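Asker: Attaching a single structure in structure tokens format; questions to follow.
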Amino acid sequence: LTFPLLSVSLLVSFGSSMLYGYNLAVVNSPAVHIKAFYNATWSQRYGHELTPGPLTLLYSLTVSIFALGGLVGSLLVGMLVERYGRNGALSRSALLVLLAGGFMGFSRELGSPEMVIIGRSITGLHSGICLSVVPLYLGEIAPKNLRGFLGLMPSIFICLGVFAAQVLSLPELLGEDRFWPLLLSVVVVPASLQLLLLHCFPESPRYLLIERNDVCGATKALHQFLGTPDVQDVIEEMQEEQRSLSSMEMVSVWQLLRDRSVYWQTLSVVVVNAGMQLSGIDAIWFYTNIIFENVGIPVSQIPYTTVGTGVIEIIAGLIGCFTIEKVGRRPLIIIGFCAMGICSAGITVSLLLQAALPWMHYVSVACVVGIIAGFCMGPAGVPFLMTAELFTQSHRPAAYIVGGSLNWLCNFTVGFIFPFLQMSTGAFCYLVFCGVCLLVALYVYFIIPETKNKTFMEISHIFA
């Protein structure tokens, strides 16, 4: 593990992946203040306040528009990485965060709820791009024995982003009514740092050699990343992949979906990415305070309970990152989904028994913590790593578009529907998440092979 490899992994994880986690969780605590702002603005414009139904709808749109922006961003990934490269796409996408921060930061001063919604959609656009490009970049620059470790580093920073949002939302920091625009716009700091420093690191060697046929540039990049003058073996492995793809151009999404030779790889990306979002983790991140209030936690203690769950996220993410090269990808993701499924069922049971047994709200909190820990240990990062590993260079960008699009569609669905699902089905809404988690765990167990310490060509041959 060389200093340049570690540095660029930390930089793109901090400047991109962390912002995804931050924006997932940042709308949770200031929900009351944002709704009050919407009501006050509506009253000034139209002479009356919003009723609870339209207000819930408007706030749900504010939460879930982030996912629609992410969907658009994920659809742009193929074009961006082909035109600008992996490093170039990340550098340019940071400009979106600066724009979004301006919209959200000045929204209250200008009395415009629309600016909050537009800012949220632009941060989603940035996250949709980076959620695919960061693991793609790290997967291509990492040697095969470090691919799992570096590939899960973004998931740790996603957890750190969630934790940062929870800490900054405390009443003692930016949790007061007058600070919520600053809370939403603080994302400009990591993005600015990435914009300033990322140009110091080279482009992906695989992109340079296989897609741009720049052997000299790829060699220089490998020298810098691997810290050794002897990179001939790696160059030869990439040239072998280039020769196998010489008669094939970069495939489109439609070509990928029709290609029978990668049917199981594509299906695996679909199942794991959709399952990751339909597992219920977004419902917990978006609506943590509401969930804790429903299970009986005193309102004054909820922000601190939420911060406690953030600490668990980081610990679980670190465990996953440092054990993935020992235990492999499959065990981590199977254990994670099984833990999430069992804990989702546990929330349902504890809520149903809470009237008879008041202490059951502690069980509910423990189950929420279990879902978060299970997710951060494996499902948070392994699906993006697996998308890079299951495909060769020609199919990889299209695979990220498919996985990313499903990821964001399911994210939007859960974020928008969960409040209404909770109102209509009560405690039983968590059983839906339980079923999804257990089905995905079974699919991974029976279908997806272990990929650790294998080259991209070897993994392709295993599926064939």
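For all residues, glycine too, the Cβ spot is worked out from N, Cα and C.
Sharing the feature lines straight out of TrEMBL:
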| type | residues | note |
| --- | --- | --- |
| DOMAIN | 9-452 | domain 'Major facilitator superfamily (MFS) profile' |
| TRANSMEM | 57-81 | transmembrane segment |
| TRANSMEM | 93-111 | transmembrane segment |
| TRANSMEM | 117-137 | transmembrane segment |
| TRANSMEM | 149-168 | transmembrane segment |
| TRANSMEM | 180-201 | transmembrane segment |
| TRANSMEM | 262-287 | transmembrane segment |
| TRANSMEM | 302-324 | transmembrane segment |
| TRANSMEM | 331-353 | transmembrane segment |
| TRANSMEM | 359-386 | transmembrane segment |
| TRANSMEM | 398-421 | transmembrane segment |
| TRANSMEM | 427-448 | transmembrane segment |
Asker: List, by number or range, the same-chain residues at least 6 past the transmembrane segment (302-324) whose CB is under 8 A from its CB atoms?
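Answerer: Contacts of the transmembrane segment (302-324) (Cβ under 8 Å, skipping residues fewer than 6 from its ends): 28-29, 148-149, 151-153, 155-156, 158-160, 162-163, 166-167, 169-171, 175, 288-289, 292-293, 332, 336, 365, 368-369, 372-378, 380-382, 452.
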Asker: What parts of the chain pack near the transmembrane segment (93-111), using Cβ distances under 8 Å and only residues at least 6 beyond its ends?
Answerer: 15-16, 19, 37, 41, 44, 73, 80, 118-120, 122-123, 125-126, 129-130, 133, 180-182, 184-188, 191-192, 194-195, 198
Asker: Cβ pairs under 8 Å only, please: of the recorded stretches 57-81, 359-386, 398-421, which one is richest in them relative to the transmembrane segment (262-287)?
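Answerer: When the Cβ pairs under 8 Å are tallied, 398-421 comes out ahead.
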Asker: State the residues, same chain only, that lie 6 or more residues beyond the ends of the transmembrane segment (359-386) and have a CB under 8 A from a CB inside it; answer 'none' if no residue qualifies.
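Answerer: Residues 131-132, 134-135, 139, 147-148, 151-156, 158-159, 268-269, 272-273, 275-276, 279-281, 284, 288, 291-292, 295-297, 305, 308-309, 312-317, 319-321, 324, 329, 332-340, 342-344, 346-347, 349-351, 353, 403, 407, 448, 451.
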Asker: Find the average pLDDT over the domain 'Major facilitator superfamily (MFS) profile' (9-452) in the predicted model and report it.
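Answerer: Across the domain 'Major facilitator superfamily (MFS) profile' (9-452), the average pLDDT comes out at 86.
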Asker: Is the transmembrane segment (331-353) in contact with the transmembrane segment (427-448), using three or more Cβ pairs under 8 angstroms as the rule and ignoring pairs under 6 apart in sequence?
Answerer: yes
Asker: Go through the chain and flag residues at least 6 beyond the ends of the transmembrane segment (57-81) whose CB is under 8 A from any CB in it; none is fine as an answer.
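Answerer: Residues 23-24, 27, 31, 34-35, 38, 50, 89, 92-93, 113, 116-117, 120-133, 136, 207, 250, 252-253, 286, 397-398, 400-401, 404-405, 407-409, 411-412, 415-416, 419-420.
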Asker: Go through the chain and flag residues at least 6 beyond the ends of the transmembrane segment (180-201) whose CB is under 8 A from any CB in it; none is fine as an answer.
Answerer: 4, 7-8, 11-12, 14-16, 18-19, 22-23, 26-27, 30, 33-34, 37, 87, 90-91, 94-95, 97-98, 100-102, 104-109, 116, 119, 123, 126, 165, 168-169, 174, 224
Asker: Using Cβ atoms and a strict cutoff of less than 8 Å, what residues sit near the transmembrane segment (117-137) while being 6 or more residues removed from its termini?
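Answerer: Same-chain contacts beyond the flanks: 12-13, 16-17, 19-20, 23, 27, 61-63, 65-77, 80-81, 86-87, 89-90, 93-94, 96-97, 99-104, 107, 151, 154, 184-185, 187, 191, 204, 381, 384-385, 387-388, 396-397, 400-401, 403-404, 407-408.
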